[in-house]
């Protein structure tokens, strides 16, 4: 089993990676800190699981070398689980990439990271509703403070491929 | 099934309407500071202040406090005399390489009295690596890490964007540029955040040629504090002139960018500590072996007479074109391995101030150190060949121009 950490630049993937694996990759507060991937291991139910810190990408249509690395990583690991890290204060943008990855047939779990920043900006997200529409686990996290990481791990098993038609039906239906 | 981008955005709109509630947006002090530092009127003076502060702390901590205040006393006062005393076989090859090459005055073997002149592996090698470069690198990365974690870097990128567009880059090129001031090796990898091959090539070439690394800054601060400002001035001017030219002649595009300016954050001590440790240790894994190896190779080349021979051959170019003494051939060989070592070596060669200035600039722009070279090769051999070609032209032209300027103002 392999877990990919994906998401936009500067949403905290590297912080997640360090917290999950106990590894040390450089974390900074700006986009483009990670330009190459790093692999690490964590144990899940007694098994060694490979975790990959993928460079940030806005979409699956790469526009620089770092993004090319990201997309290639995803395409190579067909049966990987993807933890899609989203900046909670910029949900819409993050969902675009998440949907693209779901459409490719990956098992996705969504981490709504930087919950504190969203709170600062007075943005509230209904996780349960979002989870119900998308059909994939949604967890709020503040990775730098190690909040919510263990929830992400415990909900990994609920991640499964979802048909985007069903998401459209649920998402557009109620609108 | 896959959606088209429009369908996807419609779906996202609909989902967001159902799950997100926006409360009233409060304009906080953090926002105000964030905006102030990114708007040119206030931002540029603040940026200058920040960078000046960076430089002052760097110089006073690394140069004055650590190196002069502690390591010079330790190495010149205790380490060197002790080794000179206990190591057997003064004047032998091994002694020259490891401890002190010394000098012959009136047929008598005279020992060096400081760690710059001795140039042995265990004396100058260790002194440069630990006494000069270590404090410089530690303080540089500490401040860089703080700036990074606070979230200042993207703001700097916004402020400098217009200027960097003139040389075919954009604001974000400030990230590899500043990283390069620590060490060119990770900076080469960081050029990947630039979009096109053209931008990456320009950036890589400019940083390999014009940006001195932290080790070199540290040693310059130590041996030529009165000239370092001029050296940096020549390098900055070169960076922009040759960037401008490269932008004109290298084919390809330099697109505009949209960047996210993240909110300011309080740096987390644990993260700062970990990052600092990682950077300093990975720097030293590369640096120390090369400093020591560089010492050995240069010493051996001196002993077999290669450097004198090279100096004689290159004398017309060195003396006539660049206006520096032919003895600088030695440091130029060392510069390929380590630039800090080369500057240390230059400092004991007899020459005028302007010659010293020219020689240090030449050392900086001539060839990236071997570790950077290897890293560039990893990013693509075509780019590397291109960079080296540009470099050859730049060294020759710029070296000549600097000599000419010296002549014109009457100091060379």
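Every residue, even glycine, has its Cβ placed from backbone N, Cα and C.
Taken verbatim from TrEMBL:
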type: TRANSMEM; residues: B:49-72; note: transmembrane segment
type: TRANSMEM; residues: B:118-147; note: transmembrane segment
type: DOMAIN; residues: B:132-219; note: domain 'Nucleoside transporter/FeoB GTPase Gate'
type: TRANSMEM; residues: B:167-189; note: transmembrane segment
type: TRANSMEM; residues: B:201-221; note: transmembrane segment
type: TRANSMEM; residues: B:227-246; note: transmembrane segment
type: DOMAIN; residues: B:234-279; note: domain 'Ferrous iron transport protein B C-terminal'
type: TRANSMEM; residues: B:283-310; note: transmembrane segment
type: DOMAIN; residues: B:285-379; note: domain 'Nucleoside transporter/FeoB GTPase Gate'
type: TRANSMEM; residues: B:356-377; note: transmembrane segment
type: TRANSMEM; residues: B:384-406; note: transmembrane segment
Top Cβ-contact partner of the transmembrane segment (B:227-246) among B:49-72, B:118-147, B:356-377 (pairs under 8 Å): B:356-377
Segment proximity, the transmembrane segment (B:384-406) to the transmembrane segment (B:118-147), 3 or more C-beta pairs under 8 Å: no
Recorded stretch, among B:49-72, B:201-221, B:283-310, maximising Cβ pairs under 8 Å relative to the transmembrane segment (B:356-377): B:201-221
Beyond the flanks of the transmembrane segment (B:283-310) by at least 6 residues, Cβ under 8 Å: 93, 96-97, 101, 119-121, 124-126, 128-129, 133-134, 137, 141, 182-183, 185, 214-215, 329-330, 333-334, 337-338, 340-341, 345, 369-371
Same-chain residues near the transmembrane segment (B:384-406), Cβ under 8 Å, at least 6 residues beyond its ends: 201, 204-205, 208-209, 234, 238, 242, 246, 321-323, 354, 357-358, 361-362, 365-367, 373, 376-377, 412
Segment-level pLDDT (mean, integer) for the domain 'Nucleoside transporter/FeoB GTPase Gate' (B:285-379): 87
Helix, strand and coil residues within the domain 'Nucleoside transporter/FeoB GTPase Gate' (B:132-219) as assigned by DSSP: 74 helix, 0 strand, 14 coil
